[in-house]
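Listed in Swiss-Prot for this protein:
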| type | residues | note |
| --- | --- | --- |
| DOMAIN | 1-147 | domain 'Clp R' |
| REGION | 5-71 | region 'Repeat 1' |
| REGION | 84-147 | region 'Repeat 2' |
| BINDING | G207, E208, P209, G210, V211, G212, K213, T214 | ATP 1 binding site |
| COILED | 393-527 | coiled coil |
| REGION | 559-772 | region 'NBD2' |
Amino acid sequence: MDAELTNRSRDAINAATNRAVSEGHPDLTPAHLLLALLGGKDNENITDLLAAVDADQAAVRAGTERVLAKLPSVTGSTVAPPQPNRELLAVVADASQRAQDLGDDFLSTEHLLIGIAANGGAAGDVLSQQGASAKKLLEAFQKTRGGRRVTTPDPEGQYKALEKFGTDFTAAARDGKLDPVIGRDQEIRRVVQVLSRRTKNNPVLIGEPGVGKTAVVEGLAQRIVKGDVPESLKNKRLVALDLGAMVAGAKYRGEFEERLKTVLAEIKDSDGQIITFIDELHTVVGAGAGGDSAMDAGNMLKPMLARGELRMVGATTLDEYRERIEKDPALERRFQQVLVAEPSVEDTIAILRGLKGRYEAHHKVQIADSALVAAAALSDRYITSRFLPDKAIDLVDEAASRLRMEIDSSPVEIDELQRQVDRLKMEELAIGKETDAASRERLEKLRRDLADKEEELRGLTARWEKEKQSLNRVGELKEKLDELRGQAERAQRDGDFDTASKLLYGEIPALERDLEEASEAEEEAARDTMVKEEVGPDDIADVVGSWTGIPAGRLLEGETQKLLRMEEELGHRLIGQSEAVQAVSDAVRRTRAGIADPDRPTGSFLFLGPTGVGKTELAKALADFLFDDERAMVRIDMSEYGEKHTVARLVGAPPGYVGYEEGGQLTEAVRRRPYSVVLLDEVEKAHPEVFDILLQVLDDGRLTDGQGRTVDFRNTILILTSNLGSQFLSGHGPAEPQTSEEEKKRQVLEVVRASFKPEFLNRLDDLVVFSALNRQELERIAKLQIDRLAQRLAQRRLRLEVTDAALAWLAEEGNDPAYGARPLRRLVQTAIGDRLAKEILAGEVKDGDTVRVDAFGEGLIVGPATGKTL
């Protein structure tokens, strides 16, 4: 008999035996078995069977427990294992006979339950009292399994397999749980055409991630529910299969295939009433194939797909389709491709307008139409690694979520007032311990202040709570209105015109009036509100900024003034290069004002000039100005790319080469930080092929890396530096001393044009020639270097005073036109820094002292009072 039991039947008998042993019962009875059936880990088939005959499972369990409580128990170390009593043997015999009559090869848990109802004694009486007679249970069992026989050891997991491993989209559409689908009529019509074919009626939706492939299927489900489809598709069910759920928990070899086979049989038995949908269709290739087996889900689907017995809609991305589906031509030819293209910005705005109500109801906030337009436009402009409409929807969702979080958090006014109250309370506790007259007077004043602040805090809190309630009421009314409209639509569809008319002409208009009144009251109160209640374009821009680091928002007054004074700000740090500062400042202002060419980098410059005049320093100053951190730039030393084989490191190694997965040093840095200053230092030392790579960046603001991903450079400022022709500017070259500045620059540009290809130079925004530094500029640079040293000394509470004579000495001694300002930096380090370090370590200069630096004869005096000549 044991060999004929299904897996779950065997588990139930083992559990019943264990229960009898733990209770000390000498006999194994139908009551033990019934409790084991009810308490099994996978007992949903028993639960469904009892529910089908309207039996109360809790009452059955309680009644069976009472039966067990009356059984005699035996204790002791020599107690024999419990043996099946006469009633249990009769139950098993009855169950075996019924299985034979039904043509089943195995004895399932349902057979045992029916056997208990027929011959289970006291346990059978418990079932009968709840209306679960053997006859009723048998009828329900036959109806549930739908004519299928028990031919495997795990038949219980195969009943209602489609319900278990699928999601009914048409049921979700009928309940109004799906979002509206806008602007995909052509794709839905194409899917309907393919589904209406006689054979190979299997469309596969192909498109980039986030363009709305699943939404097309949801739109089809909504059309089926509305009846807006051809006769061949009317009243059909659209069920999404979950292959992951089928694979999950499949412990034994062949269990996944058994589950899939059962689902396919159920679909086939529906006689064309079920259309299946598999999202991520590429997962069927290889799913379930274990060990050396070639029988995966794809191969199991092929025969039914070819004969037209299975109408399936698939969805997958272009890359996955190419990599997985196209490699199996037999599977590919059974599907008809339907391309889902990325919608335009205008179409995305229409989609967002259709979804606006759902997001307003969910977040209980208002969303301005201008915010939807901003979401579509800004996501298209700045979030280039993803696709519309998904990225625009995410922007709106996150902006609304952020606003909702702000509404639920304390406003700044209340937060600040609460901190003041807490501080006053702590002060009150401290002063309360003092007994002198002045302290008592101070305490009285403090208590009056505290009472006033607490009163003000209570008033503000009450006002904030009232505003929140008003806001929440509007959100709740919108949610209720959405629900009633869904009910009215369902009532019309089901032909319940009485309910539909009550909703359409009674409840819905009344609710709309309430909503209008609440919205008007809220608008009136919004003129002097503490909480913002509408998502606007600035909120969308803030989210874009937090995702990408790009300041896409409207210019604030403070930032406007800062940009207008950009030359002055950069000029504080970069001395004597006004032309270069002007060119860079103009590029940044063009972008922030929104008038720059959106298809090119923010700016691309070639900085030329002798060493040490500020080419690299300007890039650092610009990064500091834009990001408040001079390290926030992508710096690549082009001398590392002098050999041909190193060029690939910029964009990443091609497939098949070591390092392919790592990506390129330039492309990865910009992909992670799309709004940045990119500094390509000493570009003349790079291999000529580097410039071929840079052509696309300079012209179109894009570069394709080694893995085929397009990296967006449109929000970067590209700065290339070079020392070419510097001999004409430094005074150490062939140029005559009386040569004018213009003539020197012309000579430099001639050298540059001879060294770089015309197509490269022609794509740059500007060639900026840096001048050699004069004596006055070196004095200002010396002052900058001294200020930086003073900042470092301030951390040790040391104050630095440098006389004008000392600055003049530094400028004179550090002046070397061939090397720019770098000798001056070294001079400050040796003449002041090194001497000061010795004096600090020797204890001559202590924390809190003022250090004076002055010129004396041929050197400097450094120290708190007087020092030695250097």
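The backbone N, Cα and C atoms fix where each Cβ goes, glycine too.
Within 10 Å of the C-beta of T214 (ATP 1 binding site) we count 17 further C-beta atoms, all protein chains included. The predicted model assigns the coiled coil (393-527) a mean pLDDT of 75. Just so you know, of the binding-site residues P209, G210, V211, G212, K213, the Cβ with the fewest other Cβ atoms around it within 10 Å is the one at P209. Counting only same-chain residues at least 6 apart in sequence, those with a Cβ under 8 Å from the Cβ of E208 (ATP 1 binding site) are T317, L318, E342, F387. Other than G207, E208, P209, G210, V211, G212, K213, T214, the residues of this chain whose Cβ falls within 8 Å of the Cβ centroid of the ATP 1 site are, in sequence order, A215, A315, T317, V340, E342, F387, D390.
Across the region 'Repeat 1' (5-71), DSSP assigns 48 helix, 3 strand, 16 coil. According to DSSP, the region 'Repeat 2' (84-147) comprises 47 helix, 2 strand, 15 coil.
When secondary structure is read from DSSP and collapsed to three states, V211 (ATP 1 binding site) falls in the coil class. In the shown protein chains, 21 other C-beta atoms lie within 10 A of the C-beta of G207 (ATP 1 binding site).
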